[in-house]
Amino acid sequence: MDALNRDTDLNYGQSRKYHIITYGCQMNENDSERLAGQLRGLGYSSTDQIEQADLILINTCCVRESAEKKIYGKIGELKRLKTVNPNLLIGVTGCLSQKDRDKIFTKAPHVDLVMGTHNVHQLTDLIKEISQSRDRVLAVWDQAERLAPDVPTVRKSQVSAWVPIMYGCNNFCTYCIVPYVRGRERSRPLADILAEVRQLGTEGFKEITLLGQNVNSYGKDGEETIDFADLLAAVDKVETIARIRYMTSHPRDMNAKVIAVIKHGQRICEHFHLPVQSGSDIVLQRMNRGYTTEYYRKLVEKIRSEIPHASITTDIIVGFPGETDELFMQTLDFVRSIRFDAAYTFLYSPRSGTPAATMPDQVPLAIKKQRLQQLMAVQNEISLAINEALIGQTVEVLVEGPSKNDPDKMMGRTRTNKIVLWNRGKEQIGQLISVRVLKAQTWLLKGEVAD
Ligand code: 5AD
Ligand code: SF4
């Protein structure tokens with residue numbers, strides 16, 4: 001590795017500032033909070049102004065090629081800052097580091113640290129190492145330790161906190177890179193999870209989200225004798241927490257026991273995010289999803305019969321290899337008949353090393369884009385109609401803070417995870433308030449405080 005040419009002592013800490021840019025999913029958001037916690041331990045403080053940072057970390061995602069391109073562009077931009085400040089440290093962490101490893105140094109020689117998904121807890125030591133050796137460092141383990149040690153966390157929100165319950169994924173859906181960059185499933189011990197949730201309650205957090213690539217397989221790796229439903233029931237007993245959420249569920253592993261715990265629980269929110277990915281049985285089979293549309297439909301019926309006011313959202317990929325017009329029409333029909341509250345829709349992106357990337361009959365980009373538009377038009381109409389049906393109702397909202405786009409408005413969410421905006425009043429961040437819905441849009445509700 002090249003020795004870095006720094007003319008001043010890299011005395012980490014002591015009024016030094018860090019800036020973290022996070023791409024990707026909630027697991028990455030949580031990892032960034034654990035990176036921030038370690039930096040604070042070294043004496044760094046955070047800055048929103050990237051030009052003022054002594055250390056920049058880019059926490060990356062590689063789930064789609066579009067994310068990857070954007071990230072390489074961003075890493076390239078940072079070269080300019082390094083020219084201005086040769087003492088600046090630049091680190092690239094997360095899923096893209098895990099996938100591309102040394103390629104990042106080749107493409108971007110101004111990067112000092114490349115750290116994989118299994119190495120997050122090592123940041124403190126790695127910063128010390130770079131500061132002393134002044135060499136670049138690559139820390140990308142192929143496999144995770146069974147469970148990485150806990151590290152301090154600096155949380156972004158004062159209201160809502162992520163709590164990882166398991167890491168990795170064993171599903172190997174044929175389109176997905178996650179099992180290759182996040183490793184096999186490892187469940188976190190129940191005692192550690194409960195201790196963290198209780199601590200968060202004591203600190204004043206109102207909402208927690210249990211995180212994992214596939215939360216419903218909690219405990220299946222044999223380290224715990226309980227399953228996800230038991231875990232939810234245990235967390236539901238922590239009285240200081242007002243709301244419990246969880247991400248992400250695999251429809252195949254969602255079952256009657258979990259639904260019953262949510263129905264009878266006090267704190268678990270009535271929102272089911274169940275990524276269906278396609279409404280065609282042929283495509284689902286090629287994706288290795290392990291369920292049929294009939295199974296999924298019955299699951300939705302079960303949820304709606306047990307918890308009629310539950311919201312159901314999904315993820316859908318269009319243009320998977322071999323998806324013909326006819327198979328895509330099946331997805332459109334499925335979406336029309338299920339009536340999701342919302343759907344996150346994606347163009348299929350071939351990920352090298354995954355089985356789908358080399359499947360025959362890859363769909364041209366123009367067709368993928370056309371299908372995405374069609375799907376979004378159908379879903380938007382449904383989302384709007386479902387939201388319009390809420391006009392006139394009063395909903396319970398957890399106040400998160402000012403709206404990002406309009407500081408005169410406050411933002412919060414319903415238990416069903418719908419975003420609500422209202423004019424700023426006397427309400428406090430973290431408070432549960434009642435809001436009367438006055439207007440509905442596809443992705444949000446607008447209202448007035450009802451009390
Ligand atoms: N191409 C497009 N979308 C993908 N997703 C995962 N892998 C890919 C891919 N290769 C989507 C899935 C998943 C969401 C997080 O990202 O819909 O549920
Ligand atoms: Fe992206 Fe997946 Fe990594 Fe999350 S786990 S950051 S979605 S590649």
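Backbone N, Cα and C define each Cβ position, glycine as well.
TrEMBL annotations:
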DOMAIN    16-132  domain 'MTTase N-terminal'
BINDING   Cys25, Cys61, Cys95  [4Fe-4S] cluster 1 binding site
DOMAIN    155-385  domain 'Radical SAM core'
BINDING   Cys169, Cys173, Cys176  [4Fe-4S] cluster 2 binding site
DOMAIN    388-451  domain 'TRAM'
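Recorded features from TrEMBL, shown on the structure.
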{"residue": "Cys25", "record": "[4Fe-4S] cluster 1 binding site", "DSSP class": "coil"}
{"residue": "Cys61", "record": "[4Fe-4S] cluster 1 binding site", "DSSP class": "coil"}
{"residue": "Cys95", "record": "[4Fe-4S] cluster 1 binding site", "DSSP class": "helix"}
{"residue": "Cys169", "record": "[4Fe-4S] cluster 2 binding site", "DSSP class": "coil"}
{"residue": "Cys176", "record": "[4Fe-4S] cluster 2 binding site", "DSSP class": "coil"}
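As a whole-number mean, the pLDDT of the domain 'MTTase N-terminal' (16-132) in this prediction is 96.
In this structure the C-alpha atoms belonging to Cys61 ([4Fe-4S] cluster 1 binding site) and Cys176 ([4Fe-4S] cluster 2 binding site) are separated by 12 Å. Sequence-distant contacts (6 or more apart, same chain, Cβ under 8 Å) of Cys173 ([4Fe-4S] cluster 2 binding site) comprise Gln277, Met287, Asn288, Arg289. Cβ packing within 10 Å was compared across the binding-site residues Cys25, Cys61, Cys95, Cys169, Cys176, and the lowest neighbour count falls to Cys25.
The residues near the [4Fe-4S] cluster 1 site, meaning same-chain residues not in Cys25, Cys61, Cys95 whose C-beta sits within 8 angstroms of the mean position of the site's C-beta atoms, are Tyr23, Gly24, Met27, Asn28, Thr60, Cys62, Val63, Ala67, Gly94, Leu96, Val178, Val181, in sequence order. Contact annotation for binding-site residues (Cys61, Cys169, Cys176) versus ligand 1: Cys176, each with CB under 6 Å from a ligand atom. Rounded to a whole number, the C-alpha distance linking Cys176 ([4Fe-4S] cluster 2 binding site) with Cys25 ([4Fe-4S] cluster 1 binding site) is 14 angstrom. Taking only the Cα positions, the spacing between Cys169 ([4Fe-4S] cluster 2 binding site) and Cys25 ([4Fe-4S] cluster 1 binding site) is 14 angstrom. Within the domain 'MTTase N-terminal' (16-132), the DSSP-based counts of helix, strand and coil residues read 66 helix, 23 strand, 28 coil.
Within 8 A of the CB centroid of the [4Fe-4S] cluster 2 site residues Cys169, Cys173, Cys176, the other residues of that chain are Asn171, Phe172, Tyr175, Ile177, Val178, Pro179, Gln213.
Selection of the binding-site residues Cys61, Cys95, Cys173 by a Cβ distance under 6 Å from ligand 2 yields, in sequence order, Cys61, Cys95.
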